[in-house]
Amino acid sequence: MQFKKLTEQSLAGKRVLIRVDMNVPVKNGVIGDDTRIRASLPSILHCLKAGASVILMTHLGRPTEGEPKPEDSLAPVARRLSELLAQEVKVIADWQAGIDLKAGDVVMLENVRLNKGEKKNNEELGRAYAGLCDVFVNDAFGTAHRAEASTHAVAQFAPVACAGVLLAAELDALGRALEAPARPLVAIVAGSKVSTKLTILEALADKVDQLIVGGGIANTFLLAEGKNIGKSLAEADLVGEAKKVIEKIRAHGGNVPLPTDVVVAPEFSENAEDTLKNVADVTRDDMILDIGPDSARVLAEIVAKAGTVVWNGPVGVFEFEQFSHGTRTLAEAIAESKAFSIAGGGDTLSAIAKFGVTDRISYISTGGGAFLEFLEGKELPAVAMLAARA
């Protein structure tokens, strides 16, 4: 996919409008995690260094359009950004009449979700945003799967529309992983439900050499292979779909390596007693909460030989120590592998952080829903608009 990049633009003396994703957790005016704010810095600093003035826009939470409340304000975000940039960043609520800026200034439009028509991708609002700038930059991969005025309409009407540092890196990494992957391509798709990831499983079935499934998804696949899973979380009504995915992968020489040994417990709790069992020995009162060491070893060997690894979801209840070993083994194997690795999704990122391998994953995706939709092969509207403007 071709699109213009911020790093290729001439910016001196220009007004640059950047759609960032600074939707951070805020409680009583205090930011809980500023990762997304820091992730936006490369694009902002690039513009400032080039002699531009910068206008930022982002959403925060889920406010009601046209009804501003104090808790919906970006003031805490602007404060934190001011600290990181070591310069004042003002929040501008009344920007429609224009903004007075000089080179080196950074300002932030108030929460875009307060603007009427934002979520409906209103053309008039998009034109109003576009009228503020010489160059529009989308640097918010996390919202790329939504067509909204601050991600889509604005890109249609701005004089120039391009991808920021973060978005360009994200698209390059995803393209490298899925559009022209080094083989073997190994995908790890785990989670509690097949139903939420079924379209991803179906889309990947045509592409991957090995599809590793985990969690409730693996239990449904074990059912599809005629195994007893006791009272484990699974979706019996989707066994047919699981069988189709397995058949599809095996038809082109790929495989779905299912666990041969598992860690079970009588209940789902932090204090549940864990027991290692062969899959064939699972009884009706067992809950499968992790893969066993033999299965983990097999998966680690698959990952070691991979050319590309795409990881979405832990293979066990890693939050509980006794059920964390499968995910730990897998995380460490990915970290040690020479493969190009990309990981995304909240639980996956938590697992990566817990096991201390963050710096050894080739690329960590910032987008939850957008990452999943890219895996599904869906067009991301905000990215498609950048491509149309290239």
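Using the three backbone atoms N, Cα and C, a Cβ is placed for every residue, glycine included.
Just one of K197, K207, K227 is listed by Swiss-Prot for the same ATP site as E319, G345, G346, D347, T348, and that one is K197. Summary of the site annotation: Swiss-Prot records substrate binding at D21, M22, N23, R36, H59, L60, G61, R62, R146. Screening the candidates R113, R127, R176 against this entry identifies R113 as the one listed for that site. Under the three-state DSSP scheme, G61 (substrate binding site) falls in the coil class. Ranking the binding-site residues D21, H59, G61 by Cα distance from T348 (ATP binding site) puts D21 first. With a cut-off of 8 Å between CB atoms and residues at least 6 apart in sequence, the same chain places R36, T58, H59, L60, G61, G142 near N23 (substrate binding site), listed in sequence order. The least crowded of the binding-site residues G61, G345, G346, judged by other CB atoms within 10 A of its own CB, is G346. Residues K197, E319, G345, G346, D347, T348, recorded as contacting ATP, have a largest CA-CA distance of 21 Å. Every protein chain shown contributes to the tally, and the Cβ of D21 (substrate binding site) ends up with 24 other Cβ atoms within 10 Å.
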